[in-house]
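Take a look at the structure set out below.
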Amino acid sequence: MSTIVLLLITGLGLGALYFLVASGLSLIYGLMGVLNFAHGSFLTLGAFAGWEVARRLGADSWGIFGLALVVGAAVGAAFAALTELLLVRRLYERHIEQVLVTVGLALATVALFEGTWGSDPEFIEGPAWLRSTTDVAGAPIPNDRFLAIGAAVLVLVGIVLFLRYTRFGLIIRAGVENRAMVTALGIDVRKAFTLVFAVGGAAAGLGGVLASQYFGYVSPHLGAHLLIFAFIVTVIGGLGSLTGAAVAAVLVAVLQQFANYYWGVGDLVVVLLLALVLLVRPSGLLGRSA
Amino acid sequence: MTEPILRVRNLRATVAGQQVVEDVTFDVPATGVTAVLGRNGVGKTSTLKALLGLYDRTGEVTLAGERIDRLSTDRIVRRGVGYVPEDREVFAGLTVAENLRLAERDASPRRELVADLFPDLVKRSAQRAGTLSGGQQQMVSLARALLNDNRLLLVDEPTKGLAPKIVTEVATALAEAAASAPVLLVEQNLEVISRLATTVVVIDAGRVVHTGDAAELLDDPDRIQRLLGVHTSENAA
Amino acid sequence: MTSQPTTQQTSTPPDRATAPLPHDENVPTPARRRWLMLAGGFALVVLLACLPLLAISLPGVLPGPTYTPGTLQVLALALLVGALALSYHLLFGVAGLLSFGHALYFAVGVYGLAIVLDRTDLPLLPAACVVLVGGIVVAHVVGAISLRVTGISFAMVTLAFAQAGNVLVRRNPAGATGGEEGLALDTTHVPDALVGVMNTRNLYWLALVVLVVVYAVVLWVERSRAGHVAAATRENEMRVRVVGGRPYLVKLLVFVVAATLATAVGMAYLLLQSGAVPRVTSADFTLTLLVMVVLGGVGSRWGAVVGGVLYTLLDQRLGALAASEAIAGLPSVLRVPLSEPLFILGTLFILVVLFLPGGIAGAAQRLSHRRRREGARDLMEESA
Ligand SMILES: Nc1ncnc2c1ncn2[C@@H]1O[C@H](COP(=O)(O)OP(=O)(O)O)[C@@H](O)[C@H]1O
Ligand SMILES: [Mg+2]
């Protein structure tokens, strides 16, 4: 029983990280039709930014950890917004080229991170509480899991509120459905493009700081590793669907944890799940059927 | 005759590498309804989309003296062009109120006018547009355009697939709209045309083949037959 | 059998005086052009085949004279990577399938052959056949599933499958793949002529043969009915379906052929590098393939080869540059980026996508068109 609880909560924590990456991917794809390969780099840079804050100001205070989270999110958002403004925008509506540019950016930035911080993982510090455990139904759960879950829930709620109650949110929701019609109502939808990149980048940057707590280290490849599972999550959840991303993130991560624990084949099971979903429902769990 | 509100010269448009508007030239007078006629697939919708910059286009388009053929779609619309697309294109996942809110581009949108024209929409403002009937969706689509003060309205087959009673309602709303702004109307329903149109432009195979007075054309069944083909069998196809 | 780079050199720069006019006898008619291309390609292959016997030095491009094993190793690697890029061209350039998992089939060749040679007593050729069949089977299964979706979803799904391969290799199931360490080539059943530094030139020739064969197969597929349907599907799938074509089957066919070619190249790669490392299964590796094809010019056969060769040489040279003293002396703002080959290549790639649509092949074509047009205009003016 306690094993199951442990696997479940750890899986939820991992799912939270997947969601933080996948939410941005899914929104960006839904609105702009762009598969953003550089999204992993937003996360990695956010993680390093948070790590630098903690390293310089002292790692074990909650205040500074909070600051690290904010800085990670801000750096992710700024990096993402610049990516949209300087690279993606120039290739308006040319989706393949847009993907290629983000691929180039991913390759170049990971190399740059390696050059700057070295290619080996840096082990991280944080508030002591994060490294201890809490008993849930007899299972000792590492506290960073709760933090990741809490943050992901907050981000989900935040994005949902933003989409529901702001004019930009309205434009984004409408744009995901029918971008051309949004422009035909006199709205410059490109402002919304920059905004979704920034929002997605902020979630990824935040995810970076949390992921480095979850895994215990930062490395230039942290983002690329999570990105692949985030891709799987977005396809399973249905491209462009935020709720789909949330559901699929939990599903994939929990399944992965259980399969890893009992058979040691978590990653393979996830790919099998993907194959299964594609065979049964090519548009994903909550995607619009094409 | 006063200056036309819209001048179109040698408009060409391509979609997916295919030329769908060959060479279109016409004027839209500053008042009244100009009807665009033509059989299915001749390029009427594409002409409107090209005017709005939704399709890649070349040629000269002038709105009230200003060239708009280089502007992006949202800029053209903000110059005062309302658009009611074919097949309505309401945002199915948004509520009626959200659809309308999104369309408000003026500082003081004409909410009362719209509420008067379409009382049904007020009642259903919290309903998702995707769950409305075809006629109700058409009203949302019209309302989105009428909320703003337009210098020109582009309306594409607003009565397509609607029940006769709704067709009348839509035509009434259009007549109301035409009182305050000129309308370029794509329409297949001859009754609606005879009720609203002052001028006609007939398109065939991506080109303008006839322009003139609406009443004159409508009084000449042979000419209609020749320009538009056998209308009834066309509709059946 | 041709290799178009030379064709470009031999047939394009039209002398202004002899530039084409409708009935000029110097106009390369299609048949004449094809003959020229064939001859040029043949000449290039012969030249490449002779390299190990010559002592050509290209300082800054090659590490040493062409007969030295070190240089031949680099050149052979460049040829194999060119062949691999060519197989990717079949997927992306011809059928328009943006796959992020092509490395998987290459890895099947590399690891498959390494494992079969390690675990069985099969001689090289039968072992290679077994691996090839294995590659075809894997490609069929993965292709059949991934092709259920199109566009971006297809890209992600192929990526996911390749990632599964990567995980499998790193996990080292039953000690078969050697995990992170990789797997050394067991040379017991490999002919002596293909083993050892002294035989690098044989491996080089093998690489050249592989490239020529891959080129021939790609050319054949492109010219076949299936190739035409695949290209039509890329442009407009709906229309192909309307006229009764079977886009799914054609795409699957192209997918499997491209994968099989990659498997074959992978086996030659194993022999050349005498070992398998997990990097060849990584997503990054597929991405670099994409970089090569785009660099060379999407849709161009010779562009893909040139992209692959150029990328490999650049990667090697930039690696050498990074380690050089000139770089070590720079301030860190410059030193850090310049000592990362992938940073420079990634940036170059972004610049090509933004400013050089059509890559190298596209630029070459624009250049030769312009020259030809100018030539024709000059002649018109003269005759007027
Ligand atoms: N998005 C599109 N993709 C491909 N072909 C199109 C597209 N839009 C229009 N066409 C083609 O352009 C032609 C004109 O279409 P359209 O303008 O919709 O005609 P109409 O509105 O007069 O019925 C048709 O042959 C149609 O098939
Ligand atoms: Mg139409």
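Count begins at 1; order follows the chain as displayed.
Any Cβ shown, glycine's included, is placed from N, Cα and C.
Pulled from TrEMBL, these are the features on record:
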- C:1-14: compositional bias 'Low complexity' (COMPBIAS)
- C:1-27: region 'Disordered' (REGION)
- C:35-58: transmembrane segment (TRANSMEM)
- C:70-90: transmembrane segment (TRANSMEM)
- C:97-117: transmembrane segment (TRANSMEM)
- C:123-142: transmembrane segment (TRANSMEM)
- C:203-221: transmembrane segment (TRANSMEM)
- C:248-272: transmembrane segment (TRANSMEM)
- C:287-311: transmembrane segment (TRANSMEM)
- C:342-364: transmembrane segment (TRANSMEM)
>> Would you say the transmembrane segment (C:203-221) and the transmembrane segment (C:248-272) are touching, if the rule is that at least three C-beta pairs must lie under 8 angstroms and be 6 or more residues apart?
In response: yes
> Counting Cβ pairs under 8 Å to the transmembrane segment (C:203-221), which of C:35-58, C:97-117, C:123-142 comes out on top?
Replying inline: C:35-58
>> Should anything in the same chain at least six residues away from the transmembrane segment (C:97-117) have a Cβ under 8 Å from its Cβ atoms, list it; otherwise answer none.
In response: 84, 87-88, 91, 124, 127-128, 130-131, 134-135, 138-139, 142, 146, 151-152, 154-163, 165-166, 169, 176-177, 183-186, 188-190, 251, 254-255, 258-260, 262-267, 269-270, 275-276, 280-283, 285-287, 289-290
> With an 8 Å cut-off on Cβ pairs and a sequence gap of 6 or more, do the transmembrane segment (C:287-311) and the transmembrane segment (C:342-364) reach 3 or more such pairs?
Replying inline: yes
